[in-house]
Number of protein chains: 10
Amino acid sequence: MSGRSHEEGLKDLTLLGNQHTQYSFEYAPEVLEAVDNLHSNRDYFVKFNCPEFTSLCPMTHQPDFATMYISYVPDQKLVESKSLKLYLFSFRNHGDFHEDCVNIIMNDLIQLLDPRYIEVWGKFTPRGGLSIDPWCNYGKPGTKYEEMAHFRLMNHDLYPEKIDNR
Amino acid sequence: MSGRSHEEGLKDLTLLGNQHTQYSFEYAPEVLEAVDNLHSNRDYFVKFNCPEFTSLCPMTHQPDFATMYISYVPDQKLVESKSLKLYLFSFRNHGDFHEDCVNIIMNDLIQLLDPRYIEVWGKFTPRGGLSIDPWCNYGKPGTKYEEMAHFRLMNHDLYPEKIDNR
Amino acid sequence: MSGRSHEEGLKDLTLLGNQHTQYSFEYAPEVLEAVDNLHSNRDYFVKFNCPEFTSLCPMTHQPDFATMYISYVPDQKLVESKSLKLYLFSFRNHGDFHEDCVNIIMNDLIQLLDPRYIEVWGKFTPRGGLSIDPWCNYGKPGTKYEEMAHFRLMNHDLYPEKIDNR
Amino acid sequence: MSGRSHEEGLKDLTLLGNQHTQYSFEYAPEVLEAVDNLHSNRDYFVKFNCPEFTSLCPMTHQPDFATMYISYVPDQKLVESKSLKLYLFSFRNHGDFHEDCVNIIMNDLIQLLDPRYIEVWGKFTPRGGLSIDPWCNYGKPGTKYEEMAHFRLMNHDLYPEKIDNR
Amino acid sequence: MSGRSHEEGLKDLTLLGNQHTQYSFEYAPEVLEAVDNLHSNRDYFVKFNCPEFTSLCPMTHQPDFATMYISYVPDQKLVESKSLKLYLFSFRNHGDFHEDCVNIIMNDLIQLLDPRYIEVWGKFTPRGGLSIDPWCNYGKPGTKYEEMAHFRLMNHDLYPEKIDNR
Amino acid sequence: MSGRSHEEGLKDLTLLGNQHTQYSFEYAPEVLEAVDNLHSNRDYFVKFNCPEFTSLCPMTHQPDFATMYISYVPDQKLVESKSLKLYLFSFRNHGDFHEDCVNIIMNDLIQLLDPRYIEVWGKFTPRGGLSIDPWCNYGKPGTKYEEMAHFRLMNHDLYPEKIDNR
Amino acid sequence: MSGRSHEEGLKDLTLLGNQHTQYSFEYAPEVLEAVDNLHSNRDYFVKFNCPEFTSLCPMTHQPDFATMYISYVPDQKLVESKSLKLYLFSFRNHGDFHEDCVNIIMNDLIQLLDPRYIEVWGKFTPRGGLSIDPWCNYGKPGTKYEEMAHFRLMNHDLYPEKIDNR
Amino acid sequence: MSGRSHEEGLKDLTLLGNQHTQYSFEYAPEVLEAVDNLHSNRDYFVKFNCPEFTSLCPMTHQPDFATMYISYVPDQKLVESKSLKLYLFSFRNHGDFHEDCVNIIMNDLIQLLDPRYIEVWGKFTPRGGLSIDPWCNYGKPGTKYEEMAHFRLMNHDLYPEKIDNR
Amino acid sequence: MSGRSHEEGLKDLTLLGNQHTQYSFEYAPEVLEAVDNLHSNRDYFVKFNCPEFTSLCPMTHQPDFATMYISYVPDQKLVESKSLKLYLFSFRNHGDFHEDCVNIIMNDLIQLLDPRYIEVWGKFTPRGGLSIDPWCNYGKPGTKYEEMAHFRLMNHDLYPEKIDNR
Amino acid sequence: MSGRSHEEGLKDLTLLGNQHTQYSFEYAPEVLEAVDNLHSNRDYFVKFNCPEFTSLCPMTHQPDFATMYISYVPDQKLVESKSLKLYLFSFRNHGDFHEDCVNIIMNDLIQLLDPRYIEVWGKFTPRGGLSIDPWCNYGKPGTKYEEMAHFRLMNHDLYPEKIDNR
Ligand SMILES: [Ca+2]
Ligand SMILES: [Ca+2]
Ligand SMILES: [Ca+2]
Ligand SMILES: [Ca+2]
Ligand SMILES: [Ca+2]
Ligand SMILES: [Ca+2]
Ligand SMILES: [Ca+2]
Ligand SMILES: [Ca+2]
Ligand SMILES: [Ca+2]
Ligand SMILES: [Ca+2]
Ligand SMILES: [Ca+2]
Ligand SMILES: [Ca+2]
Ligand SMILES: [Ca+2]
Ligand SMILES: [Ca+2]
Ligand SMILES: [Ca+2]
Ligand SMILES: [Ca+2]
């Protein structure tokens, strides 16, 4: 089987293919791991669809649920998908407002990857008949990606999806 | 449990976690409450999906129903979600045209939050075979968000959703 | 214009075509009105789709929202649609459990119409992440419609609709 | 081109292929025409989907709109589709209750075709937030199709379609 | 009940709340009525969804059906919704090409409202397997809304909806 | 590669894997071919979804389009899929009423396969605003499949799909 | 406000309207509470839609997610919805196979309610490209509901929903 | 009946309202006809949805199927819809690659109409598991519509529709 | 963590939680493993949704793709999900007709589990414009499940899903 | 049959219409073939929808599945569709990360076609609850298409599709 080899970044991974994974359900940004981006000569997007996100409400300690969409233009590093899964698991018993969760996730990925561009959208299920969908983004300061971040903010969500709480 | 602490704005909330909430069904903008925005260093969007809005027709006093979509870029304050719920409940026995409702909601949130940018879209159910969907927006005057408001008006709803009254 | 004439039951209607309708938002079964069924020689179904039902929670006094589906086989009487609308409006400030609402609506229509068969399905929006959909039915005792009621109970909702609270 | 020939019932048609069709917008059951059923040796269904039905409200003279579904098991005759179109057009300025329209359409087709079995379902758009969907059926008396009519009444619409008036 | 008062434009309305409405089914632009826009200090959109539009083909006199989407940025006036309903009813026995209907509707609303911006989209049902969806727009000449009209023409319908004639 | 071998019915196929296929666009039931059913010890269903069916109207010679659903319980033979494709192609310049097409297709497959049970459903696109969906079925006379055919006729299409001609 | 009163079962509830709820994330069937069924004179269904169910895999301790559909015909008791929410929360850190979860939930509700009939369907998200949807049901032994349980098993899920793991 | 009159371009039409239409199934651009654009004072779009397009593969002579979307900004002429239908029929026995068909259709309409702007999108059904969707556009050279064509190319299909070949 | 313990069947599993899984892409029924059914006192259904099935065409060796739905009523054994995944993987380079694949899968699971009832439905992607969806089922001979198998065959797929090959 | 002739690029094709195709399941970019673009005088898009892509995970050797969307503006060459199918087949036993697959496919098509513009989007099914959708694009360096590539990156996927892993 040809394809990406150990020389191209697989040998450093501790999680993918490791059977005896430990799961932390307390906020654990340290589980995040990166692999080399083999295509850093070009700008391209990678999107993660994460419909199984759950955290706790900081006031009531009641579970919250969301679909997280994480999308970025990598620079030298890609986030390894199994480590991202474990990182998102670690919010399971963590309490924060919806607006805080998306900002924290984006901050941690900026720290890990130093990406050219990144955005995170959390779409939560309703409490009391209202649902909240915070969205944040970031472009590397002083580069064209900073302008790209403003451009995408300007154009964000002109077409809110149809919601009926069912 | 880690996360947003009382020091970060939770202690001032009167509603969230208060069991003996009183519900007003007369227009009551005073119930709106705000919490600190912990991420005011960046622009980001918060959207509320509100499919359970109801008010009265000012002419016939007949109930109207809508889904309200409220989306904003916070400055120093976030609207607290339980207070927003109570505020929207307070239209229950209030009479106004559809076009007025969305403008009033936006005005009250501008007063509460002094947001960088905000928009409100009401999608009402039909009366006499016609349905009405008013949309308004606002950017803080004299800032780039004012231009953003015009830009989003220019691009508003180029793809009206399919409607068949069923 | 041909069609159903005043002789065929229109002349007794007090509501349809009456502009100065008064709306009660307290439970008011007395507003229900009936018209003659011109086709009582055959069994047939009439279904009302009512996506604008709202009532209050008897414990918290918080608004609840539902789509009500009312379906019946008439005997000598049809329910007049504008009176049904007013009747459903009258739950607006009334408090009852979801399970009670559908049973009460069915009881009132049985009283009004003495139908051969009737069923009522309420599909409510979620509270605390759960939504409740009670369904009741009735066949005139001692007739084949009583068996029909049991048959339809046996076959009820083998395919629950997909729900994700969004 | 092979296929159904003039000998097999085409020669008697006055409408299909007649360019100078006159349209009546007053109830005109006499425009209905039939062709021979070439497969009367077997039971089979023919369904017409008619999403462009419009009539008037007998009280307010306001236009009503519906999708009509007409489905039958032919005996010796099929209804010719262009004549059915003209017949349905003829309700355009006719006033009747929704419950009456479906019964009248079925009665006229029974008279024309003497079918083994037939059913008609009208799904109307809402007035005052309520929509009405009457459904009637018929099996030739004294045959197994009469039992079939009762069986299908028993099983009718256990899964009401989702309605939100939009 | 608070809200929009008679002093704010309700007292001049002749239709809303008038039970004895006469319906014209011949083109009648004179039925259109306007109310004051209480929010003329800002630009905002009002959209009407009109899925019950019907007219006649000018060549064959056969009924046509469409959903009309009318969207505008008001200046000093709003179109009153019941008068718009009656105006659209008045095409019922009127014959014109699809392309003409949308232009005529827009012309009449420009005459009534002198709006800042307006657009009309008609989505018709198919004849002979083809359906036609004309779209026109307008910005007040010599203002920024004229540029907005060109901008929206440039961006019109880059994503045609999926059509299969069923 | 293991699996069905030439000994199990592949060697007689003239079409599958034959590059120089000739396409007939005149009705050609003779192109149908069968392979052995390796599982005739049990009853099971095979369904073909055929959304690319087209024929001509026998009166106007205008093209018609349909999705054909063919479903059967085989006895000793299966229809080979490429031959079925060619057979359906052969209606391309053939003229027949919709009701005739489904009956003819079923007759030809009964002749080819002598199946235990078979049914054919044609769902055509609209002409003049009406669409027609004929459905026929068959069970081998004198067997339990004959009863099955009646049972399925009784239960046919209690839930007509939503149609709006778009 | 009229409606269900304290005398009719509300006074015994410990959870609904109690602000200081404690959440257990370890399996806790003891939190379930019941209220009186005011309509035990008739058979009717109550369905709970629960799209926010999460548990752990007993082998890998990895989180699992499901939508649970719980539907029952009550006898003397209804399950109180807030207690059901807490009960489902208590699976959050509990490990069991999907097949076991649905059976355990049903067993606990049978113990609490002694219902006439009950069924539970869990629809889980995929692991390794496969998703599992166990469904169980129960009718009170020696009653007609036991036959109803067999009847519904016979008819269970003849139309599996379309799944593409996206 | 008022509306577009013979003086406004109807009298020159040879096809619409002509019963004895001949259908060519060989490529026949000469059947295209135009009518006057009564609104050439403004830019507006006309879109044709054509889900019944079929042609042949030039290599295998096997039928291909597509939905064609044709959208243009007229100058002095509109394409008459019945002639467009006949023109599209004429590809029925014509063989060309998918990429060629859309370009040929656009070329023929440019020749007929000299439009300000035009675009054609063909969405074909799959062969060998792949489907092909070519899209071309054109703006009158030396006008602002040429820039519009480039602008729309730049923005074309950023959101490919979901495809699963079913 | 409570729940299913090693004593209840987990200790015998060789695959779940074993990191160094070997994947066979040649038909390998021997990889299937079973666990104890802890609820054999009752009849219940377990469904596997398998949208990632792929095999080869026995004639052309071209890849085929399907969604497999496997649903059964267990007796003493459940199929372990990871072993089922590996088993389905083993068809990757195996060649068989669609009709054969579903029968083989069902035969192998009957051999492994001796279930009370089982059914398998394969929904394949189209080749040459046709798609094939074979469905087979089985009830333990001489038990009520054999009748159940016939009952479900009788009722199979009365509502074929909408297919357009896109 | 008129249309594209052998002189216009068909004669050089080795695959289309060649029955004895050999399928490679090891990465084989050499199977790609091109035909002449007959419309190189204009910019236009060609999109391939490829819902049947499968490869292996480089770490676990487990199969991955994706829908690939390939869209380009041709210069002098078009990719021949059968050769593209074979090329995509050749990933069947090839192992690479999702991010690598889309970049490799785009690189190979750039080498084959020297297109003006190209983009590739892979939408994979989830592993461990997460799915990954990488997207890359390219414009010919030093031309306006390079700017077009940046413009489309800026605008990429502002509306992530709804994902729930089912
Ligand atoms: Ca929803
Ligand atoms: Ca709708
Ligand atoms: Ca809630
Ligand atoms: Ca939903
Ligand atoms: Ca209405
Ligand atoms: Ca709807
Ligand atoms: Ca459609
Ligand atoms: Ca038509
Ligand atoms: Ca449709
Ligand atoms: Ca998976
Ligand atoms: Ca799906
Ligand atoms: Ca999904
Ligand atoms: Ca699809
Ligand atoms: Ca194909
Ligand atoms: Ca499809
Ligand atoms: Ca997964």
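Cβ coordinates are placed from backbone N, Cα and C, and glycine is handled just like the others.
Because the structure is a prediction, the values reported are computed rather than measured.
Pulled from TrEMBL:
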- D:C57: active site, thioimide intermediate (ACT_SITE)
- D:D64: active site, proton donor (ACT_SITE)
- D:V79, D:E80, D:S81, D:H98, D:E99: substrate binding site (BINDING)
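Taking the features listed in TrEMBL, we show where each one sits on the structure.
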residue : record                              : DSSP (3 states)
D:C57   : active site, thioimide intermediate : coil
D:D64   : active site, proton donor           : strand
D:V79   : substrate binding site              : strand
D:H98   : substrate binding site              : helix
Give the distance between the Cα atoms of D:V79 (substrate binding site) and D:C57 (active site, thioimide intermediate), rounded to the nearest whole Å.
-> 27
Comparing local Cβ density (other Cβ atoms within 10 Å) for the recorded positions D:C57, D:V79 points to D:V79
Rounded distance in angstrom between the Cα atoms of D:C57 (active site, thioimide intermediate) and D:D64 (active site, proton donor) = 6
Return the maximum Cα to Cα distance in Å (whole number) over the record's substrate-binding residues: D:V79, D:E80, D:S81, D:H98, D:E99.
-> 25
Counting across all protein chains shown, how many other Cβ atoms sit within 10 Å of the Cβ of D:S81 (substrate binding site)?
-> 23
Alpha-carbon distance [D:D64 (active site, proton donor); D:H98 (substrate binding site)] in Å | 9
Rounded Cα-Cα span from D:D64 (active site, proton donor) to D:E99 (substrate binding site), Å = 12
Rounded to the nearest Å, what's the C-alpha distance separating D:E80 (substrate binding site) and the residue listed as 'active site, proton donor'? Just drop the number here, would you?
-> 25
Cα-Cα separation of D:D64 (active site, proton donor) and D:S81 (substrate binding site), in Å?
-> 23
Subset of D:D64, D:V79, D:E80, D:E99 (recorded positions) with C-beta under 8 Å from chain C | D:E99
List which of the recorded positions D:C57, D:D64, D:V79, D:E80, D:H98, D:E99 have a Cβ under 8 Å from any Cβ of chain F, in sequence order, or say none.
-> none
Count the other Cβ atoms sitting within 10 Å of the Cβ of D:E99 (substrate binding site), across every protein chain shown.
-> 24
Those recorded positions listed as D:D64, D:H98, and which of them has the most Cβ atoms within 10 Å of its own Cβ | D:D64
Could you tally the C-beta atoms, other than its own, that fall within 10 angstroms of the C-beta of D:E80 (substrate binding site)?
-> 23
